[in-house]
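J.: Structure incoming, see below.
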């Protein structure tokens, strides 16, 4: 076992994200199948809109529940519960005999997806060694992309079927991966950090040894060092820094991390990605594509994200998170300007060349977005919070992202109808602001263990054995300062302050200067 085992666990844990991508994407082609509105007696535009919005509402509820259940039940059991709900939701949608039954299925599926989205990235972050954590966590968005692309292809193939099979079969396909994940999760290990958080130290040690056996062959002390980092930092944060989940709001450094996480989720939604994804059919029709050709174009569009996301995973642990987020935001500004200009001059025109370029810019949007935002937003958010707050903080960030996406989904049809191509200027402005914020306010996180993140935000480290930055890293000074602070306090390397001198304040240990300390 070892890194290969870790990758297999991560891939399997993200099968729920495959369902997320599929269920999110299949609704567009489902609504477009002629048999669907016929079966449900031609639902009104408001009712059709409710099919989309109730799913997003359920997702928001699932996001928040994930924060609580992830700590209460553990990461693995929460994923199992979410997948079970996803299966129930899929069955209800597939077998729906009336629109009410279909809506209930959408709501349950939304709750399930909200749970998966919040917890799967945490699980992957907590089982991954620091050098490949970007790839491991990024697998979640890769699976979402694959699921979304698969839904486009299934929608296309469904269009060749007759009657209700055109929409029931594509909806029912998602039951297969759900059943596989429900059964297979029993063989997956729980997060070692959750075990430490719950005081199950021996189980944590065994999981670490299974996950990182390959690394331990080259570095025999790796597993012990990682375990001690987890134990010392989690115990310190629980006893000194984190009195309750309210610390997320009352402590300056935690509040700063939360703002970064929420900001990243909001920036993701304000790129315009959901507008492009949900209304791609209308966008393609607006530049002259008609009939089944729209479905073929959408199928090709979905594959662009899969390819770009895979490319992102090849460099995320080499160049980091911050620069790709900033540079892709700048690229999206340029691309959105091109989409806006070509939509203005070539929508509903007979100029095939201009229409072709308009479609090309929409495809380029998907490529740029998936090259940066798609994987990196989950990677970054899953890294920056301490273990005791990670589940709830990630859930809050995801909720704000879902709420922002829902807002744009509701406003966008009216905005396009009212101001047409000018609506793209909103996303251009938001992408420009995002690029500025990434450059100025977001610290780089690559290569550090989850426990070493504390120093980036001015918090104390309760350990000295180091697995993160090496000599020459820009952030190494933070770690050295933390170690020196511990020696100044008369502590032995690798042993927590509490173990050596309970009378001393943890506030004297390894105080970093990365962010202000006031207001704690």
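Cβ from N, Cα, C; glycine included.
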J.: Among 234-257, 258-281, 450-473, indicate the range for which TrEMBL gives the feature transmembrane segment.
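T.: Range annotated as transmembrane segment by TrEMBL: 258-281.
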J.: Of the ranges 358-381, 478-501, which one does TrEMBL flag as transmembrane segment?
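T.: Checking TrEMBL against the ranges 358-381, 478-501, the transmembrane segment one is 358-381.
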J.: With the ranges 56-76, 77-97 to choose from, which does TrEMBL describe as transmembrane segment?
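T.: So the range that TrEMBL calls transmembrane segment is 77-97.
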J.: Which residues of the chain, 6 or more past the ends of the transmembrane segment (325-346), have a CB below 8 A from one of its CBs?
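T.: Contacts with the transmembrane segment (325-346): 264, 267, 271-272, 286-287, 354-355, 357-358, 361-362, 364-365, 368-369, 371-373, 376-377, 380, 420-422, 424-425, 427-428, 431-432, 434-435, 438-439, 442.
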J.: If you count Cβ pairs under 8 Å, which stretch among 258-281, 358-381, 393-411 touches the transmembrane segment (423-442) the most?
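T.: Counting Cβ pairs under 8 Å, the winner is 258-281.
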J.: Can you work out whether the transmembrane segment (135-155) touches the transmembrane segment (393-411), with the criterion being 3+ CB pairs under 8 Å where the paired residues are 6 or more apart along the chain?
T.: no
